Amino acid sequence: MVNYFIISISFFLLEHFYSFYLNFRQSKLLKNLTKVPEYCKDRITQEDFKKSQEYSKAKLDYKTLTSTIQVLTTLLSFYYPVYPYFWNLSLELAEKIGYPNEIIRSCFFFAFTVGVSVITEIPFSYYYQFILEEKFGYNRMTRTLFIKDKIISTLLMIGFGLPILSLAIFIINWSGPQLWFYCWLLLVAITLLSITIYPTFIQPLFNKFTPVDGELAESIFALAKRVGFPASKDTIFVVDNSKRDGHMNAYFYGLFGTKRIVLYDTLVNELDKEELLAVMGHEFGHYKMSHTLKQMLLVQVHLVTLLYAFSLLINDDQLYQQFGFVSSKDSVLVGLTLFMFLYSPIDRIFSLLINIFSRKYEFQADDFAVELGFLNSNHLFKLHFKELGCLVYDPLYSAYHHSHPTLVERSNNIDKKVALYKLKNK
């Protein structure tokens, strides 16, 4: 007999203990680093460096604390059968309203688990936003906006989650052994639909998007024309992130006819035109090399693997009984919830692989910007320092957690590409 319960708990603890070990390595590195690293000693003052170290340490301590609490609450939820309790309560409610079928019962179960997750997360996100971020001058969010965001995001989660869940349960019960294939088709359809509706209907609920204009717009459109990006007032936007915090970012997303580049207003206000164009050159690099599509394909491989493995275990009564449920006839949603605990090591492996490709894509986008004639990394340093970004990372910690290369890795890569560019264009 396979003891799924012991395997799941062991994997869960192993993953978190390794994460704690990496946090310890990173914390020790930060503690021992008292002087500005050589690669940026002429770019940052000792005072700003010290503040950066304090911010990095505060975030790391926060991460360690929240992970510790997550481990304890998860173990307690297994020791005291919280999930079976919610499942039985869901049946009672479904019977009271006269619809004790699996879909209605699963919708109640989903609502309970989402509700508990949202409520227990609020103190941590509040602390992070209004204490940690406030301490270092980044918080600009009001408590009213904080509450509004939580309400809207929860309603969206339930509003979209319940219909998708109901459809998924129907498909799984209908499709039998081929459930992995039909569920994958459903997820592909949902992904493509979300890419279409997210920028138009979802994002405006949280932020205001203004088309880029003026001299900056003319320069960006000229650069876009050089690289073949279909730029217009409907594809490049400035978002009012400053109403939430002082952080800066730019990102490209979308496929087919929904391609967009978004610049934070904090970024536009902080960088000069040439630096902003260098940022745009990087984002255009993601577009030209189809990084969004490639990442989406990687995610599909992950999903197919997950769904196929789930199809092999969904009818195994041992999986359910070892976690306090009656049998595999309980629910598709219960089976998926339990399976995700068991699947966590494979999920982590895929996350690491996706990080490897993501880091590679960042280097490629930087290379593309160099080929456009942006021959330094000043904008990266400026952004990093304004963000009080960590200046040194333990290599194991970075490889495990980061989807982007570190500042020194990107800077060194750009310097090498600039040298080659200058040789080629003498």
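Each residue, glycine too, has its Cβ placed from N, Cα and C.
The membrane topology recorded in Swiss-Prot places L93 on the same side as Q321. Checking the candidates E215, E218, E362, E371 against Swiss-Prot: the one annotated together with H282, H286 at the Zn(2+) site is E362. Summary of the Zn(2+) site environment: with the site residues H282, H286, E362 set aside, the chain residues having Cβ atoms within 8 Å of the Cβ mean position are F252, E283, G285, H291, Y361, Q364, A365, D366, F368, A369. When Cβ neighbours within 10 Å are tallied across all protein chains shown, the highest count among the binding-site residues H282, H286 belongs to H282.
The transmembrane segment (4-24) and the transmembrane segment (295-315) are not in contact, since fewer than 3 Cβ pairs between them lie under 8 Å (pairs 6 or more apart in sequence). With every protein chain in view, the residue among the recorded positions E283, E362 whose Cβ has the most Cβ partners within 10 Å turns out to be E283. Most Cβ pairs within less than 8 Å of the transmembrane segment (71-91), among stretches 107-127, 179-199, 295-315, 334-354, belong to 107-127. Secondary structure at E283 (active site), taken from DSSP and collapsed to helix, strand or coil, is helix.
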